[in-house]
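Worksheet: the structure to be examined is printed underneath.
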Amino acid sequence: MKRSMYAGAVRSEHIGQELTLKGWVARRRDLGGLIFIDLRDREGIVQLVINPKTASNTVVKSAESLRSEYVIEVTGMIVERDQANDNLPTGCVEMQVTQLTILNASQTPPFEIKDKIEANDDTRLRYRYLDLRRPEMLKNFKLRAKVTHVIRNYLDDLDFIDVETPMLAKSTPEGARDYLVPSRMSRGHFYALPQSPQITKQLLMNAGFDRYYQIVKCFRDEDLRGDRQPEFTQVDLETSFLSEQEIQEITERLIACVMKEVKGIELQLPLPQISYDTAMNNYGSDKPDTRFEMTLQDLTDLVKNIDFKVFSQAPAVKAIVAKNAANSYSRKAIDKLTDIVKPFGAKGLAWVKYNDGKIGGPIAKFLTTIEDELIERLQLEANDLVFFVADDLEIANGSLGALRNHLAKELNLIDHSKFNFLWVVDWPMFEWSEEENRYTSAHHPFTLPQEDTVAELEGDLSKVRAVAYDIVLNGYELGGGSLRINQRETQERMFKALGFTKESAQKQFGFLLEAMDYGFPPHGGLALGLDRFVMLLAGKENIREVIAFPKNNKASDPMTQAPSLVSDKQLDELYLQVNKNAVKNNEQE
């Protein structure tokens, strides 16, 4: 029979109607001669009642055989419940079942289908189709669908054109590692799955499309964490003839539209902006979480003459103050915090506690000559705990920034109801790679340099600034963009600064350079991480919660066992050989 409606959509206005519902058995209970069944579908749960006095023997026997996750079809009259369940939207009604058909049986699930999951991540991914039945997961994907709907409507109204760009692209050396796809037709040649549609969307601007967007899959072979997946989705934008400010305004209004439609929150526009240098110096991060205070304080000038060489001879000495936290941390607990700063290069973590009008701790005796000024500058109050890092400025900023975020979580300083957006602007064009012993692009090699620093492309690369902008939400990089280079001469200078020879630049990017000979307009754009945005809107801490079939931390799918070995025949067709020892070693790990 045709389904009348979703089970979770039945309400008091349906009392007296005979309906047909279909879904899964969430629970079955036998009470006082009656059989009660919670029927679940994507909209929720409704209670079914099978009364042996009014239902046929066939219906009763079928009901007695039901187990969790059986798929059933039921028909019956909607009546008012004797005792309403205020925890359910359907809690004031129930169905008196007159017909019941088992559409499919189910084995006992490896975990109970409920919001408070009691399974580890790999088990959830191994049975993802069951995990996705949980109401919490369905809620996440309804949210995601609404977000994408709002985004498309907003961009369509602004005359952006939705264009699909190639999934089989050319591998380029900049950025993260590519996922490579061998070509059967061109022996020994490979496509790359795109890390972003960066170059193709720029070429669309050269084609005169003026405003492009795409909600697009991207791929990066990089180390994974809670906000990264090997394949992810971004909202990709590109425009012609617009300034940096105009692109930011379009983006802000897009985000404000999503926040209003999805969360009912009115954003105050324009969003705040801080420079990259300010972000690093004040928060120790290029994606600062501004939902709490605890900014970094520069004490380099204050300690330069004290009799403590660790401080006085350090290039930079910076501190953070954990307010009213001294009693929360024993010396042993503080020692463990060293593990937070060491990965950022810090050689140690110094600290003092402030109580009874004076500071105390392992280094307090070295600070007596500046104690009063230190207390005044840091605005210390009773029970405050101060942490110091003395090192190069970059190390001091990065390590204290990580500690700042760690302490905020431990001390419950974060207001999780807040959505704090801000722009980080005035970025360096290049960043130094210790691993490669050279400068690399902070964003990508197509970013337009700021006009007053472009001469440094042949000089001090650390002084080159980019017309680039990142949008940050609650300590996460939500997206980033820039104005792009549209002059061939500037693009060639950029490639040269990055270490490309003229020949290698032509080999990798000759098609782009050639396009710049044909009236390439000024252009710029931005990409927003859709998975990350939805994760934050849903209040989750891992983007796996908002991706239907994600990979685990080893970039594997426990359900399908991807990636997998392929047959020798498939490899032969692609003229490939596999290192058997590498495969054996990988299987043993």
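The backbone N, Cα and C atoms fix where each Cβ goes, glycine too.
Annotated ATP-binding residues in Swiss-Prot are ARG220, ASP221, GLU222, GLN229, GLY529, LEU530, ASP531, ARG532, and among GLU164, GLU293, GLU458, GLU477 the one listed with them is GLU477.
Swiss-Prot lists region 'Aspartate' for one of the ranges 198-201, 242-245, 246-249, namely 198-201. Here the Cα atom of ARG484 (L-aspartate binding site) is found 22 Å from that of LEU530 (ATP binding site).
Taking every pair among ARG220, ASP221, GLU222, GLN229, GLU477, GLY529, LEU530, ASP531, ARG532, the residues recorded as binding ATP, the greatest CA to CA distance is 19 Å. Sequence-distant contacts of HIS443 (L-aspartate binding site), defined as residues of its own chain at least six apart whose C-beta falls under 8 angstroms from its C-beta, comprise TRP427, ALA466, ALA468, GLY480, SER482. Ranking the binding-site residues GLU222, GLU477 by C-beta neighbours within 10 Å puts GLU477 at the top. Of all the binding-site residues listed (ARG220, ARG532), ARG220 has the fewest other CB atoms within 10 A of its CB. Around LEU530 (ATP binding site), the same-chain residues at least 6 positions away in sequence with a Cβ under 8 Å from its Cβ are ARG144, VAL147, THR148, ILE215, PHE232, THR233, GLN234, VAL235.
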